[in-house]
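Structure, as structure tokens:
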Amino acid sequence: MGGTINAAIKQKFENEIFDLACFGENQVLLGFSNGRVSSYQYDVAQISLVEQWSTKRHKKSCRNISVNESGTEFISVGSDGVLKIADTSTGRVSSKWIVDKNKEISPYSVVQWIENDMVFATGDDNGCVSVWDKRTEGGIIHTHNDHIDYISSISPFEERYFVATSGDGVLSVIDARNFKKPILSEEQDEEMTCGAFTRDQHSKKKFAVGTASGVITLFTKGDWGDHTDRILSPIRSHDFSIETITRADSDSLYVGGSDGCIRLLHILPNKYERIIGQHSSRSTVDAVDVTTEGNFLVSCSGTELAFWPVDQKEGDESSSSDNLDSDEDSSSDSEFSSPKKKKKVGNQGKKPLGTDFFDGL
């Protein structure tokens with residue numbers, strides 16, 4: 001790292017921040033470990049962060065939030081098995097669903113809007129993916145039980161489809177309008193922790209998957225069976241993992257790691273270009289998002305929230321070009337990129353590859 005990295009705004013809270021989402025004009029939603037969801041107006045020039053509203057949204061932790069495309073509503077899911085839709089300007093709840101008390105609760109791990117501000121998807125700790133329509137009384141319109149570990153991310157594409165990544169090392173491609181079983185990748189022998197699309201202006205769009213080993217694997221859209229490239233860990237540590245990924249531009253990603261750093265990663269050629277920011281505690285980056293205007297990256301780690309200028313040039317990573325791998329040399333990973341899986345998983349009950357469902361997607 002080549003110098004001091006200064007945050008435009010940095011603030012500590014009493015409780016841990018589990019998720020965040022930027023929306024509207026200089027606004028950010030925060031979901032906390034104590035179940036509260038709060039909305040803040042930020043002014044980087046004045047170095048201010050002003051609470052607009054705050055509410056006790058869940059009895060237990062608020063684990064994930066998602067704002068719809070129009071910025072008018074958001075969904076929050078909690079470890080209490082409750083899902084709520086609310087107005088972003090007031091926090092007032094418009095819809096609520098509760099897991100059947102007679103069933104064993106598997107907490108929701110992730111939620112994401114998919115289509116037309118009406119359809120969204122959830123994933124839970126047991127690997128279940130559900131598609132919801134807020135216009136229906138029961139909410140859920142179809143469910144997929146193809147994974148055997150938690151769902152770590154849901155990434156929509158082309159209006160009706162989405163990719164779900166799982167701790168079991170398998171990703172699934174699902175059509176929100178179709179009840180057929182999803183396309184499943186081969187098991188990757190690495191815990192998938194997050195995912196995001198990139199190279200979206202190119203004919204061969206890529207999907208990047210972060211792993212617990214610190215490796216990022218690239219899948220080609222339409223060829224979901226196995227990864228085509230591997231990008232090795234940016235640091236030499238067996239304890240480093242990729243925790244969160246979000247789009248920077250058509251060819252780059254912001255990558256949050258377990259060391260508290262957010263790095264800019266260029267895709268094809270694959271190179272970690274520089275560190276955007278580093279949290280004070282140097283603990284796991286829990287969530288990242290780009291402000292609506294695109295000039296700041298917002299991240300959280302533990303109780304700390306920070307705003308980082310995306311054009312800040314300190315923190316170049318000159319050695320990152322050495323940490324590359326591809327499908328042509330996948331057996332020559334460096335010694336510090338060995339897989340670090342959460343648990344031993346299998347591929348029992350998975351749909352075999354070779355199906356023609358989603359051809360070309």
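Glycine too: its Cβ is placed from the backbone N, Cα and C atoms.
As given in Swiss-Prot:
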type   : residues : note
REGION : 311-361  : region 'Disordered'
REPEAT : 57-96    : repeat 'WD 1'
REPEAT : 103-142  : repeat 'WD 2'
REPEAT : 146-184  : repeat 'WD 3'
REPEAT : 187-229  : repeat 'WD 4'
REPEAT : 237-275  : repeat 'WD 5'
REPEAT : 280-318  : repeat 'WD 6'
Take the repeat 'WD 2' (103-142) and average the pLDDT across it for me. 91
Going through 57-96, 187-229, 280-318 one by one, which has the most CB pairs that fall under 8 Å from the repeat 'WD 2' (103-142)? 57-96
Spatial neighbours of the repeat 'WD 6' (280-318) far in sequence, C-beta under 8 Å, 6+ residues away: 1-26, 28, 30, 42, 44, 49, 234, 241, 243-244, 246-248, 254, 256-263, 272-274
Going by DSSP, how much of the repeat 'WD 4' (187-229) is helix, how much is strand and how much is coil, in residues? 0 helix, 20 strand, 23 coil
